[in-house]
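The domain 'Flavodoxin-like' annotation in TrEMBL covers 6-150. Residues or ranges marked as FMN binding site by TrEMBL: 12-17, 59-62, 97-106, Asp132. According to TrEMBL, the domain 'FAD-binding FR-type' annotation covers 187-428. According to TrEMBL, the feature FAD binding site maps to Arg332, Arg364, Ser365, Phe366, Ser367, Gly398, Leu399, Cys400, Ser401, Trp578. Summarising the annotation, TrEMBL assigns NADP(+) binding site to Thr442, Ser497, Arg498, Lys503, Val504, Tyr505, Val506, Gln507.
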Amino acid sequence: MSDPALLILYGSQTGTAQDTAQRIARQAKRRKLQVRTMPLDCYNVATLISESTVIFVCATTGQGDPPDNMRIFWRFIFKKSLPAGSLCQLDCAVLGLGDSSYPKFNFVAKKLQKRLVQLGASMLLPIGLADDQHELGSDAVIDPWLAAFWQKFYTLHPSLKLILLFVLVNQFLLSSANPAEQTLPSSSSLLAKLLSNIRVTDVSHFQDVRLFQFDITGSNIEYTAGDVVMMRPCNAVDDVQQFCQLLRLDPESRFTLRPTDSTPGTLPTRLLHPCTVRHLVETYLDIAAVPRRSFFELLLTFATNELEREKLLEFSSAAGQDDLHAYCNRPRRTALEVLADFPHTTAEIKVDYLLDLFPEIQPRSFSIASSLKALPNRLQILVAVVSYKTKLYKPRKGLCSNWLASLDPNKEDIYVPLWVKKGTLKFPRDEDTPVIMVGPGTGVAPFRSAIQERTADGITGNVLFFGCRSQSKDFFFRAEWEKKIKARQLTLLTAFSRDQEDKVYVQHRISENAELLMDLITNKNAFFYIAGNAKEMPSGVRDALKGVFQQQGTVSAEDAEKMVNAMEQSGRLQSETWS
């Protein structure tokens, strides 16, 4: 009888589920098991009936949606024509990666587990529901879940001997190359010319917010209100230089990639072939991210210095997670800074392992803040430039927002690769249906797109609740709103939280305008939208809406909750939030 094979399938949007799947695969390889790892949409789902053991690692995106790389699988697995017992030979386990600050926490993993059971699959252990909000992050759930999985796996296969090899198997080999003819990377993105990069907050305001405008003439890009634009940032020039110095790499040296025997996968499609070290580090390796625990596990395999090895061993262990969190997550220490802290180990890193150590830079999404009906051939986004202090000397900076902010179209022509995706917000087509939009701060971006689009079509039932700190410092699009108010195309209700002694937020304005909202929702079938930071605002707005129903509809708190849930289920209450 052949040794059991393990298949790990993942659905990942930002790379976390992929990283977790690869971590499980490394654990399997250390146990000398046959293992395959791939995104769900790269797997021929029809062959699932012949697999023996499968781990599904799934993230949840948006409002309970599957990640992009498992949408084909998702449609297939929920086909009504699939026989009830079709997966009765399958042993499997589901690990969900989510964030409990979102209302549909780990929705995809929960729904997948339920469907697999319906199809007859046998669950090896209860579903794992990792939570990014836990003080120790997802690992607080992943670690004990994996320990339980391996225990169950060896119980099912008692003939297997537990062998643990402490080795790292690399995915690719990097070979030096001459400056010969290059294969261009495949791409679904457009190079859009950056036309303007304008700060829209007062210079005295602590937060730098920018409005970026791109020219998409001749691109065939079409978008509607609620859609998002995707782009991949580049690492800062200084970071690329420091990385090459730490690893003693020549940034201008060229290499070609080929997969190793252990990972007969496809080559990264975004890289030039041959490629320079500079291009790899600048555009592909995510060296500015806060590293995951798997990074320390991999770094440990190179450590020969006793002190550094001891520390990396601690950070890689389940017992050392409090210390790792204090060292890495809390101060938001980057992978590059970790390399600088472990110089002896960094000096031992072989170039062939770079793509194993550092994940690929993931695309960032931004709500489109303009409408093609108002601004033909143009696309605008509103971006808060992320920069804040921790106990570390250097301020922490958001990779994409700071990269964008550094681009100056007045000095040279700049082209940014971008592509457009359907967003989660859907606006009614019926021109008689009013919309109520709650968008404090940069959360107003998708609503500017909607207001531009709807007013271009002559629709006037637009109510916007906008909140910011100060009327004089961060009141985005003020002049534009005033014109629309004058033209009777918009009702605007504002909350400037710091302009008076008692803080006033959008939820306060909702409570104050209960009669207006009740009339719009119950008599005119209005749609209600929330966009902005996921921390406290969305739940505060929902509570204020429940209060409207209680006050104006004279219903109980329980019935008000049911009314809000019913609006959400019918699509009349939609939210797009981010952490």
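One is the number of the first residue shown, and numbering goes on along the chain from there.
Every residue gets a Cβ built from N, Cα and C, even glycine.
Separation of the C-alpha atoms of Gly15 (FMN binding site) and Tyr505 (NADP(+) binding site): 34 Å, rounded to the nearest whole number. Counting only same-chain residues at least 6 apart in sequence, those with a Cβ under 8 Å from the Cβ of Val506 (NADP(+) binding site) are Val438, Pro440, Phe465, Phe466, Gly467, Ala495, Met537, Val541. Counting residues per DSSP class in helix, strand and coil order gives 58 helix, 35 strand, 52 coil for the domain 'Flavodoxin-like' (6-150). In space, Ser12 is the closest of the binding-site residues Ser12, Asp99, Ser497, Tyr505 to Ser365 (FAD binding site), judged by Cα positions.
Same-chain residues at least 6 positions away in sequence with a Cβ under 8 Å from that of Gln507 (NADP(+) binding site) are, in sequence order, Met537, Gly540, Val541, Asp543, Ala544. On the 0 to 100 pLDDT scale, the model's mean across the domain 'FAD-binding FR-type' (187-428) is 92.
Separating the Cα atoms of Arg332 (FAD binding site) and Asp99 (FMN binding site) is a whole-number distance of 18 Å.
Comparing local CB density within 10 A for the binding-site residues Ser367, Thr442, Ser497, the maximum falls on Ser367. Looking only at the binding-site residues Ala59, Leu399, the densest Cβ neighbourhood within 10 Å occurs at Ala59.
In the shown protein chains, 23 other C-beta atoms lie within 10 A of the C-beta of Ser12 (FMN binding site). The distance from the Cα of Lys503 (NADP(+) binding site) to the Cα of Phe105 (FMN binding site) comes to 30 Å. Around Asp99 (FMN binding site), the same-chain residues six or more apart in sequence whose CB sits under 8 Å from its CB are Phe105, Asp131, Asp132, Gln133, Ala534, Ser579, listed in sequence order. Under 8 Å, Cβ to Cβ, and six or more positions away along its own chain, Tyr102 (FMN binding site) finds Thr60, Gln63, Ala534, Thr577. Scoring each of the binding-site residues (Arg332, Arg498, Lys503) by how many neighbouring Cβ atoms lie within 10 Å, the top position goes to Arg332. Taking the C-alpha atom of Val504 (NADP(+) binding site) as reference, the shortest distance to any of the binding-site residues Ser12, Ala59, Gly62, Ser367, Leu399 belongs to Ser367.
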